[in-house]
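Remarks on the structure that follows.
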Amino acid sequence: MSVNYAAGLSPYADKGKCGLPEIFDPPEELERKVWELARLVRQSSNVVFHTGAGISTASGIPDFRGPHGVWTMEERGLAPKFDTTFENARPTQTHMALVQLERVGLLHFVVSQNVDGLHVRSGFPRDKLAELHGNMFVEECAKCKTQYVRDTVVGTMGLKTTGRLCTVAKARGLRACRGELRDTILDWEDALPDRDLALADEASRNADLSITLGTSLQIRPSGNLPLATKRRGGKLVIVNLQPTKHDRHADLRIHGYVDDVMTQLMKHLGLEIPAWDGPRVLEKALPPLPRPPTPKLEPTDKSLAQLNGSVPADSKPEPCTWHNGSQPASPKREQPDSPAPRRPPKRVKAEVTPS
């Protein structure tokens with residue numbers, strides 16, 4: 001459970017702003033915003049989702065900074081409520097919607113701060129997923145870097161040895177590697193994994209649309225990755241009930257439960273959310289499925305700025321997709337400076353004041 005995960009971390013005083021009030025868009029406004037989100041997804045060629053703890057609360061796993069989050073309750077001297085274990089938690093509608101979006105080629109990559117393993121257990125392909133803070137179900141060989149996805153949580157945290165050894169054969173006829181296996185869960189001062197950080201950075205730079213789901217974007221460097229999309233000329237959509245650190249940079253802000261938003265999005269895209277039929281691990285993405293016919297999206301009479309509430313509703317409308325009325329060039333594909341940062345940044349504290 002996230003409670004046990006949080007308790008297993010080293011003491012750390014500055015966990016960011018916790019317990020901020022939640023904001024809910026009125027139903028009609030939410031519908032219009034999700035229509036616009038569907039339009040952006042259809043218009044984009046490289047969509048990246050950034051996910052946080054808010055996408056797993058519907059499975060019974062509490063978040064950290066929400067009104068009843070683990071750290072919010074801790075600040076109040078109260079015990080957080082939890083309804084399940086990591087092993088018993090089921091992927092949410094949001095997890096399964098992401099699986100289907102990837103299958104039909106509308107989603108290029110997912111960058112996740114979550115350690116609950118639900119992306120992998122939902123069947124989302126691991127080669128299109130960066131788990132920046134680790135996975136409670138994964139252990140890695142310290143010698144050959146082979147990863148093992150287990151059916152139960154590994155049992156240790158902080159990149160510690162688990163007591164098991166690597167069974168990968170070095171070569172035909174030779175004995176197994178027998179390197180020590182370690183968990184993949186980061187503590188506060190641990191450096192982010194080279195491979196996952198490099199993939200997340202490259203995906204964020206090359207995206208023409210980044211969508212954040214259920215994250216306050218307070219933890220660095222994970223929370224700053226969506227800004228790489230903006231710097232390259234792409235769009236940023238933030239879906240969260242609480243204010244986030246990067247709200248002022250968003251082209252569209254949606255305040256609603258992520259499951260409700262994703263359910264409406266899939267409807268507007270003409271896609272079904274697949275049922276979850278038990279844990280399954282998919283190492284590599286399959287060839288994309290054909291997309292269904294695109295349903296006609298109802299036009300919205302509001303610009304992105306009006307939907308965000310930054311322009312009066314009776315002002316002259318601007319083009320929905322581009323602030324200056326002209327379409328910018330597609331973001332230039334950019335490779336990271338190196339395959340993996342030589343000294344990856346540490347998982348550092350949250351910045352104190354969200355914007």
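Cβ coordinates are placed from backbone N, Cα and C, and glycine is handled just like the others.
The annotation phosphoserine is assigned in Swiss-Prot to SER10, SER303, SER330. Under the heading N6-acetyllysine, Swiss-Prot lists LYS33, citing similarity to another entry as support. Sequence annotations record features per position, and here Swiss-Prot assigns NAD(+) binding site to ALA53, THR57, PHE64, ARG65, TRP71, GLN113, HIS133, GLY214, SER216, ASN240, GLN242, VAL258. Summarising the annotation, Swiss-Prot assigns Zn(2+) binding site to CYS141, CYS144, CYS166, CYS177 and lists similarity to another entry as the type of evidence. Here Swiss-Prot flags LYS170 as ubiquitin cross-link, drawing on similarity to another entry. Look at Swiss-Prot and you will find 284-355 tagged as region 'Disordered'.
Features per Swiss-Prot, on structure.
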residue: LYS33; record: N6-acetyllysine; Cβ neighbours (10 Å): 25
residue: ALA53; record: NAD(+) binding site; Cβ neighbours (10 Å): 23
residue: HIS133; record: NAD(+) binding site; Cβ neighbours (10 Å): 20
residue: CYS141; record: Zn(2+) binding site; Cβ neighbours (10 Å): 20
residue: CYS144; record: Zn(2+) binding site; Cβ neighbours (10 Å): 13
residue: CYS166; record: Zn(2+) binding site; Cβ neighbours (10 Å): 21
residue: LYS170; record: ubiquitin cross-link; Cβ neighbours (10 Å): 13
residue: CYS177; record: Zn(2+) binding site; Cβ neighbours (10 Å): 17
residue: SER216; record: NAD(+) binding site; Cβ neighbours (10 Å): 30
residue: GLN242; record: NAD(+) binding site; Cβ neighbours (10 Å): 23
> Which are the residues of the chain, CYS141, CYS144, CYS166, CYS177 excluded, whose CB is within 8 A of where the CB atoms of the Zn(2+) site average out, their centroid?
Replying inline: ALA142, LYS143, LYS145, THR146, LEU165, THR167, VAL168, ALA176, ARG178, GLY179, LEU181
> Roughly how many Å separate the Cα of SER216 (NAD(+) binding site) from that of CYS166 (Zn(2+) binding site), to the nearest whole number?
Replying inline: 37
> Tell me, which recorded positions from LYS33, ALA53, HIS133, GLN242 are within 10 Å of CYS166 (Zn(2+) binding site) if we use the C-alpha atoms?
Replying inline: none
>> Spatially, and counting Cα to Cα, which of the recorded positions is closest to HIS133 (NAD(+) binding site)? Options: LYS33, LYS170, CYS177.
In response: CYS177
> Taking Cα-Cα distance, which of the recorded positions LYS33, ALA53, GLN242 are within 10 Å of CYS177 (Zn(2+) binding site)?
Replying inline: none
> Going by C-alpha positions, which of the recorded positions (CYS141, CYS144, LYS170) is nearest GLN242 (NAD(+) binding site)?
Replying inline: CYS141
>> Rank aside, I only need the closest one: which of the recorded positions LYS33, CYS141, CYS144, LYS170 has its C-alpha nearest to that of ALA53 (NAD(+) binding site)?
In response: LYS33
> Just checking the recorded positions LYS33, CYS141, CYS144: which sit within 10 A of LYS170 (ubiquitin cross-link), CA to CA?
Replying inline: CYS144
>> Give me the CA-CA distance between the residue listed as 'N6-acetyllysine' and CYS141 (Zn(2+) binding site), in Å, as a whole number.
In response: 45
>> Helix, strand or coil by DSSP: which one applies to CYS141 (Zn(2+) binding site)?
In response: strand
